[in-house]
Amino acid sequence: MDPALLDDVIRRLLEVKNLKPGKNAQLSESEIKQLCAAAKEIFLQQPNLLELEAPIKICGDVHGQYSDLLRLFDYGGYPPQANYLFLGDYVDRGKQSLETICLLLAYKVKYPENFFLLRGNHECASVNRIYGFYDECKRRFSVKLWKTFTDCFNCLPVSALIDEKILCMHGGLSPELNKLEQILNLNRPTDVPDTGLLCDLLWSDPSNEATGWAINDRGVSFTFGPDKVSEFLEKHDLDLICRAHQVVEDGYEFFASRQLVTIFSAPNYCGEFDNAGAMMSVDDTLMCSFQILKPARKMMGGSTNNKSGFKSFRGW
């Protein structure tokens, strides 16, 4: 993709900050297709299990909440001021999935060694056909553009290992995951199957309800108990599993005696939850701290207070 065009696309996407909330960026279908093609090429050049180094900032689900994505960058620094890893679920539910995914892909293309995107369960045609992204593509551009995104999403990597100690994915562990090399060997491009390792990495959830593996209420994949987390970390000499996939009230939530953390980065998710969003910063000693994007509070008369900045403190 022409570097001058890429810079101009990023400029137009960031200009939205100065417009009325919810205003769309002015991009053409041709420009978005070029972005998808360039990003797809980079995804396939890089491994399915990314090997990354701290310092890095990690974000969970964003779900088309574009103004909140911009708030995350306002706080953490716009690329390349900081390195980023996003854990998937960029589209669906929120009103501006197109702006959200386009900015993330543009940063991936511009800073391929500093900016990383993993696949979430919503980066899959059978899911985002239903939960909003297909309709947004069709309404604003075309079904053909949605298919272009599907081809791009089918190439996304699914896991990242930070300094050989923090394993990241969208969903969670899998009963089929015995060696990390298995992730490297997953074929791409691929759709997300209904069962198996790739499905579990994108869909599974931790659960305090039971030990071991159990049926997941989502109707897909499994849940895993604290025992499975401890067992996995010990076997692979890891310190922490970092995942997203579930709304958590404070934007982050520990599990299994701080051996696993869930990060969710869409505050006031869908306008229905009063949850905070969070971003986890990992410094070069692997100390983790959390920046909290507080939910907007309803004010008297039904207006909203959006002056909900961040707070930061040490964790884990």
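Cβ from N, Cα, C; glycine included.
Since this is a predicted model, take the numbers as computed values, not measurements.
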**Of Asp74, Asp89, residue recorded by Swiss-Prot at the Mn(2+) 1 site of Asp61, His63** = Asp89
**Request:** Can you match one of Asn48, Asn121, Asn128, Asn208 to the Mn(2+) 2 site that Swiss-Prot gives for Asp89, His170, His245?
**Result:** Asn121
**Item:** Between His170 (Mn(2+) 2 binding site) and His122 (active site, proton donor), the C-alpha gap once rounded to whole angstrom
**Value:** 10
**Item:** Nearest-integer angstrom distance between the alpha carbons (Cα) of Asp89 (Mn(2+) 1 binding site) and His245 (Mn(2+) 2 binding site)
**Value:** 8
**Message:** According to DSSP, does Asp61 (Mn(2+) 1 binding site) sit in a helix, a strand, or coil?
**Reply:** strand
**Request:** By CA-CA distance, flag whichever of Asn121, His122, His245 among the recorded positions is nearest to Asp61 (Mn(2+) 1 binding site).
**Result:** His245
**Request:** List the Cα distance (Å, whole number) between His245 (Mn(2+) 2 binding site) and His122 (active site, proton donor).
**Result:** 10
